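Visitor: Per TrEMBL, disulfide bond is recorded for CYS58-CYS61, CYS396-CYS399. Residues annotated as domain 'Thioredoxin' in TrEMBL: 9-135, 331-477. According to TrEMBL, the region 'Disordered' annotation covers 480-505. Taken from TrEMBL, the feature signal peptide covers 1-25.
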Amino acid sequence: MRFSSFLSTASAVALASIAAADADAEKPSDVLVVTADTFESVVNAEPVILVEYFAPWCGHCKALAPHYEEAAAILKDKDIKLAKVDCVDQPDLCQAHGIQGYPTLKVYRGGEAADYTGPRKADGIVSYMVKQSLPAVSQVTAANLTEFQHADKIVAIAYVTSTADVPAPEFSVTAEKHRDDYLFGITADPEAIAAAGVSAPAIVVYRNFDEPASEYPYPISSVTADDLGNWLQELAIPIIGEVNGDTYSIYVASGQPLAYLFVDPNDEKSQEYIEALKPVASKYRGKINFVWIDATKFGDHAKALNLVEPKWPSFVIQDLQLQLKYPYDQSKEVKPAAVSAMVTDYLDGKLQPKLKSQPIPESQDESVFVLVGEQFDEVAFDESKDVFVEFYATWCGHCKRLKPIWDSLGDHFAEMKDRVVIAKMEAQENDLPPSVPFRIGGFPTLKFKPAGSRDFIDYEGDRSLESLIAFVEERAKNDLTPKVKVPEDEPQATFAKPSEAHDEL
């Protein structure tokens, strides 16, 4: 067991040494360098090890490097190893392990690989790998109870009279399913149960935020793994916690709307703003998740949420499912009572989202229709026409390569604009209205709506002009046969009326 090695991440993080001017060597790395020749002896021999596959030129790899080194130094004392493979130097090894991007991190147990799904900061890597090194459920005793209760951000302990009785089996199933997320322990030690101040059977979650201890509030005799998983997921979200790259996925997984408070951490009143909204966040807990976010780091995200001015604090609600944004009026002071009223209106369906839209073009001079948010319903849901839309981003390289082909597609159907519309929409400059049942997750995204319908079909074929034309012709409900035009100066054929016709014998 490794309980004696548990330390808080903050106390375990080593300070970088200040090198003397005449220092002649760098500090040795605690990250093991692995090659094809050493992979089996280094990686396969470990009960658990984290391996980073990287490329020296990769910017994300460079950003990860100091955190990876820091975590390796801490985990070395816990007998957990971190390693790395240079995929430029070892291309065959990386290909053999299915590496397609950098950095890729994998956890190996006796040579068996699993994707690393944890954070990429030192403390997050340490927490994740400590959980990986332990059994799904650790045995807790009176001697290590206090230490285990504070061993991670979220710790669940089952206090039981017997490890074979309820709720132990369901607790073990939950632990296997969520071992990457939380730390699980179980004890039937009477001294530990007495020290915890509970009556067995009981399940208690210990956190380093909000209420430090929460006992499972429902009948323990009928608890299921799903019940426990849902309860843990709810407790894993602070009343109002910080959202960033490491925590965003937790909020997305909850499926609930997200209420952001943008603050400048350098503002001496920033913590005061956060604390002022805690009662509101607590009031709506379980219906909407409140977070605070560093406005100086994530100013672009504020713009994406339709906050126009770089003015802090600012507040905005986001429907994560429909990607709709509801910004608080930035001309007004962010006050708890006003925020509470806004959230009530949102939950009651009385709040209208603020949609971003480029101006409606004064004219449409190209064969491809330039579609904007304000005009989406009118154009895309026109049931008299077949509509094929490319959702793109200006910076997207794949979109740039598609542009001449999409323009040619527009040219091909230019004479049929009364029946088929080939359109494009800059998806990062225009929001889709609530009437649209989908959201754009990547670029370019191509969607087709047949005439007489309001349902869009995903285009998933190759992006050659021939394939795109064939797709439109196959899916279109309108007749796409070009209309034959007769020149005005061409003589018109005349035919005798049936009554005037006669046979010559």
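Cβ coordinates come from backbone N, Cα and C, glycine included.
Just so you know, TrEMBL annotations are computer predictions that nobody has curated.
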Visitor: Just the number: how many Å between the Cα atoms of CYS58 (disulfide bond) and CYS396 (disulfide bond)?
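Guide: Approximately 19 Å lies between the Cα of CYS58 (disulfide bond) and that of CYS396 (disulfide bond).
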Visitor: Roughly how many Å lie between the Cα atoms of CYS61 (disulfide bond) and CYS396 (disulfide bond), rounded to a whole value?
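Guide: Counting only the Cα atoms, the answer is 22 Å.
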Visitor: Output the one of CYS61, CYS396 that, of all these disulfide-bonded residues, has the highest number of other Cβ atoms within 10 Å of its Cβ.
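Guide: Per the Cβ count, the most surrounded site is CYS61.
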Visitor: Within a 10 Å radius of its Cβ, which of these disulfide-bonded residues (CYS58, CYS399) has the fewest neighbouring Cβ atoms?
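Guide: Sparsest of the disulfide-bonded residues CYS58, CYS399 by Cβ contacts within 10 Å: CYS58.
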Visitor: When the pLDDT values for the domain 'Thioredoxin' (331-477) are averaged, what is the result?
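Guide: The predicted confidence over the domain 'Thioredoxin' (331-477), as a mean pLDDT, is 95.
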Visitor: When secondary structure is assigned with DSSP, how many helix, strand and coil residues does the domain 'Thioredoxin' (331-477) contain?
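Guide: In the domain 'Thioredoxin' (331-477), the DSSP-based counts are 50 helix, 23 strand, 74 coil.
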Visitor: Please list the DSSP helix, strand and coil residue counts for the domain 'Thioredoxin' (9-135).
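Guide: Secondary-structure composition of the domain 'Thioredoxin' (9-135): 46 helix, 24 strand, 57 coil.
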